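J.: Sending over a structure as structure tokens; questions will come in a sec.
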Amino acid sequence: MSAAGAPGTQRTPATSEAPTLDPEQALAELRAGNQRFVTGAPYHPNQDAGRRAAVASAQHPFAVIVGCADSRLAAEIIFDRGLGDLFVVRTAGHTTGPEVLGSVEYAVTVLGTPLVVVLGHDSCGAVQAARDSVATGSTPPGHLGAVVDAVVPSLRRAEAAGVDDINGIVDIHIAQTVEALLDNSPVLAAEVAAGRCAVVGMSYRLAAGEVREVAAVPAGTARAAA
Ligand SMILES: [Zn+2]
């Protein structure tokens with residue numbers, strides 16, 4: 001269907017000015033879009049030539065997605081959004097290295113994006129690879145070791161909490177990633193403390209298509225001194 005006149009399109013912030021959504025409104029947009037996707041009634045907003053032209057000169061995405069690179073976790077599809085809506089940063093296992101942090105900081109401070117979402121999913125291969133590596137004491141080949149190393153702290157946290165099923169570990173890794181973003185990016189933490197941004201962790205179910213919120217740091221939350 002055409003995006004023209006679709007409610008999702010009408011609610012999209014104008015691209016020629018600063019975003020008009022606050023963190024709660026941005027989260028509501030993602031929840032609504034995911035609900036449309038889950039129920040098989042997507043609008044496919046902002047995916048036509050008109051939108052392409054409208055955002056060619058400037059972007060004001062309303063959410064940053066720090067997601068796993070898994071091919072089944074395409075952000076614009078599962079949240080039923082289009083061009084210019086989401087600023088997506090994906091690595092296997094949603095890691096938080098310097099390029100990821102810099103990308104998040106760019107979106108939040110330069111583009112004024114009011115919401116950061118960490119998006120993980122059940123049966124995550126990166127989490128499973130890290131689990132296998134720890135269990136066997138083996139080091140993965142090539143740069144895969146960097147992915148495993150990034151997930152290991154979450155495995156330790158899960159172990160301490162007595163959680164040993166893969167999807168329980170995934171949820172802990174999502175929450176750990178939310179904490180890592182804020183701990184390692186004073187820029188992001190300051191934006192959250194100032195009330196301009198929120199950070200939410202979501203876990204996606206591959207078969208059902210739905211997201212579940214597993215962690216939240218609301219706008220206005222000040223970080224405890226390290
Ligand atoms: Zn994954």
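Positions of Cβ are set from backbone N, Cα and C atoms, glycine also.
Nobody curates TrEMBL annotations by hand; they come from automatic prediction.
Relevant sequence annotations retrieved from TrEMBL are reproduced here:
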type	residues	note
REGION	1-21	region 'Disordered'
COMPBIAS	9-18	compositional bias 'Polar residues'
BINDING	CYS68, ASP70, HIS121, CYS124	Zn(2+) binding site
J.: Using all protein chains shown, find which of the binding-site residues HIS121, CYS124 scores highest when you count other CB atoms within 10 A of its CB.
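T.: Buried the deepest by this measure is CYS124.
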J.: Under 8 Å between C-beta atoms and at least six apart in sequence, can you list the same-chain neighbours of ASP70 (Zn(2+) binding site), or say none if there are none?
T.: ALA92, HIS121, CYS124, GLY125
J.: Other than CYS68, ASP70, HIS121, CYS124 themselves, what residues in this chain have Cβ atoms within 8 Å of the centroid of the Zn(2+) site's Cβ atoms?
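T.: Going along the sequence, the neighbours appear as GLY67, ALA69, ARG72, LEU73, ALA92, GLY93, HIS94, GLY120, ASP122, SER123, GLY125, ALA126, VAL127, VAL170, TYR204.
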J.: Across all the protein chains here, work out how many other Cβ atoms are within 10 Å of the Cβ of CYS68 (Zn(2+) binding site).
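T.: So the number of other Cβ atoms within 10 Å of CYS68 (Zn(2+) binding site) is 26.
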J.: Going by DSSP, is ASP70 (Zn(2+) binding site) sitting in a helix, a strand, or coil?
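T.: Coil, per DSSP.
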